[in-house]
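> Below are the structure tokens for one structure; questions will follow.
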């Protein structure tokens with residue numbers, strides 16, 4: 001172990017020596033750049049662009065370009081990047097993560113690689129965790145870029161598509177991680193190229209990269225549409241039922257946060273809903289409502305997992321940042337169950353139209369880099385998932401903060417008493433204090449205790465985060481007491497007020513350890529910026545969530561030996577700190593394994609999504625007749641239909657093929673069983689294809705010109721692709737839930753998901769081609785519909801096509817439920833084109 005550690009340290013030192021060598025070269029240009037006039041310095045941007053176009057690489061331009069930005073920052077902002085900031089900038093340009101401590105000027109560091117990469121003209125995205133930081137950084141650092149002749153855009157959620165397009169077309173675009181993801185998804189749902197807003201994804205520089213790529217890695221971005229539902233009463237009834245239960249009626253597994261009915265609970269459910277057997281197949285939907293109601297009432301906690309806004313909306317609380325997640329909803333009906341629990345209006349369920357995780361979103365960039373003060377603990381994940389190294393950058397000045405040993409108390413009450421006493425003592429001498437909490441509930445509790453103690457303070461949590469920057473800016477003033485959840489104003493420096501250094505600087509008090517060491521380090525890092533004095537102290541109790549769930553037997557045995565008889569007894573031990581860190585490592589390992597599994601599942605979706613989106617983009621950007629593509633679909637549809645009946649009795653096969661042709665290809669008089677008898681399968685395929693081509697040409701002749709033909713072809717394909725893709729996403733979600741249960745049968749759920757997901761994808765492609773064929777052949781095309789089709793900006797179908805499709809389903813021959821579908825998919829009729837009829 002010691003050898004591995006020594007090797008890691010040596011590698012880091014070797015990397016720093018390389019960085020320092022390049023940084024010195026950048027510094028060697030300082031005098032030359034300082035001697036240039038403003039106009040000459042600004043003219044360097046055009047010079048770099050020309051040199052890049054002539055073949056110089058960005059790496060060759062780096063020393064000079066970085067030196068230009070340093071000088072520009074000095075003239076425009078009065079700030080001159082230090083050597084360690086240059087080193088951080090080089091790491092960012094290389095597509096890695098420089099770990100830079102709080103207050104070391106990460107925002108200024110980013111200006112150098114952002115400028116250099118913007119020279120290529122392909123766009124640079126600077127990603128932040130909220131719109132306040134995007135706007136602040138774009139305004140402040142944008143002055144430097146604009147002065148140097150580069151365009152800067154801010155992409156905000158409230159902007160129109162035209163404004164977003166303008167922002168993305170700038171050399172440098174500031175945006176939040178979620179908005180970039182949603183714009184990508186929306187771009188892949190439009191019908192016309194001019195409605196897309198993004199350019200191809202080139203270089204992303206992610207601020208607080210650990211928050212975005214690790215903490216939120218499992219969070220999918222979902223674009224969904226409302227599904228009309230009459231199930232609100234079921235949510236309410238299920239909620240009323242679970243509220244009648246006592247603790248013996250359900251079983252909670254604390255580590256996994258799962259819950260289920262006990263035998264007595266099942267008996268009560270059967271009595272309440274008047275059922276003979278709750279788990280009969282026809283009660284599957286009801287059990288889903290009950291499961292969600294149980295989770296909502298006994299697992300999901302108000303002010304910890306969610307808050308209720310003033311206008312009665314349930315807002316999810318991000319467990320890592322403490323912020324509310326605007327616009328996000330718990331999936332699979334859980335959000336509606338919480339709404340029923342809290343007695344607020346139950347919003348409609350929604351159906352997913354498109355989704356992507358941050359992991360796969362950011363892996364699509366040609367180059368990805370990020371900044372944070374705390375990433376070394378997640379080094380393996382950054383390397384394996386994102387191919388990014390973590391390079392710790394030395395501080396410009398030595399760290400002067402004192403990190404005290406953790407203090408452990410027997411109970412929560414005794415711990416909080418000690419916290420309040422410590423705050424009171426420090427506040428009396430004027431030392432500023434930042435009290436960090438894991439949950440909104442805890443911050444409210446400590447706030448009440450400080451009010452009782454007569455100590456004035458500010459509270460920063462998910463309920464009032466709009467005042468975040470102002471509260472954090474004042475947190476370093478003499479006598480300031482600030483209570484903050486994990487959000488703790490990341491991205492905003494706490495600067496010490498006058499006379500505070502003499503009092504020991506800012507004291508950070510942690511009220512419990514987080515599951516992640518990184519979050520604890522972030523809280524500590526609020527103090528001691530740029531060599532300032534400071535202190536940190538964590539208070540723990542045996543009743544803390546982490547200690548209850550993951551505290552080891554060694555801790556318990558150690559505490560038994562200490563014989564904690566008095567409630568206010570405190571333990572201060574280095575061994576305790578090591579045990580807590582060991583528990584945190586176990587949790588981090590579990591969380592990493594979970595994220596890795598999510599990625600394995602999502603990679604199946606990613607591959608399929610990339611195929612669909614690439615084909616979609618090809619259709620949208622096409623300025624050509626899409627006839628060859630549609631004819632190929634018609635040919636494959638005919639081939640599948642004929643092959644599906646190859647092993648049937650010959651007479652039955654011919655009858656089935658004729659039925660398929662009449663319902664999906666040609667008018668009834670165009671084909672008969674008589675003319676197909678005696679022909680081989682290949683001959684039948686060719687005959688049907690030639691008849692279909694005649695109808696195809698006849699259909700297109702109704703359109704007024706080539707432009708109308710191309711527009712009609714585009715809308716036809718996109719309408720069907722989007723409809724089938726949405727259904728496919730839903731089916732994959734259901735498959736994922738189903739294969740999860742197979743792990744109990746010793747099957748690998750991921751392997752099964754990959755195999756079945758691939759087959760479902762192939763089936764979907766076949767269904768798309770069948771529907772394109774049938775709609776092309778059967779659509780009733782009218783002049784006014786053509787004009788309306790050309791005005792469409794979404795994937796909604798022209799009305800005549802949509803209604804004709806419905807009519808075609810109704811016109812299908814009378815096929816028994818369990819017979820093969822005449823479309824040739826190989827599925828039973830009830831599971832294919834007969835599904836709507838039977839639903």
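Glycine is treated like the rest: Cβ placed from N, Cα and C.
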> Looking at Swiss-Prot, 85, 103, 104, 105, 106, 107 are annotated for ATP. Which of 444, 493, 520, 544 sits in that same site?
493
> Let me make sure I understand the span of the ATP site: among 85, 103, 104, 105, 106, 107, 493, what is the greatest distance between any two Cα atoms, in Å?
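Between the most distant Cα atoms of the ATP site, 17 Å.
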> For residue 493 (ATP binding site), what is the tally of other C-beta atoms lying within 10 angstroms of its C-beta?
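Excluding its own Cβ, the number within 10 Å is 16.
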> Based on Cβ atoms within 10 Å, give me the single least packed residue among the binding-site residues 85, 107.
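107, out of the binding-site residues 85, 107, has the fewest neighbouring Cβ atoms within 10 Å.
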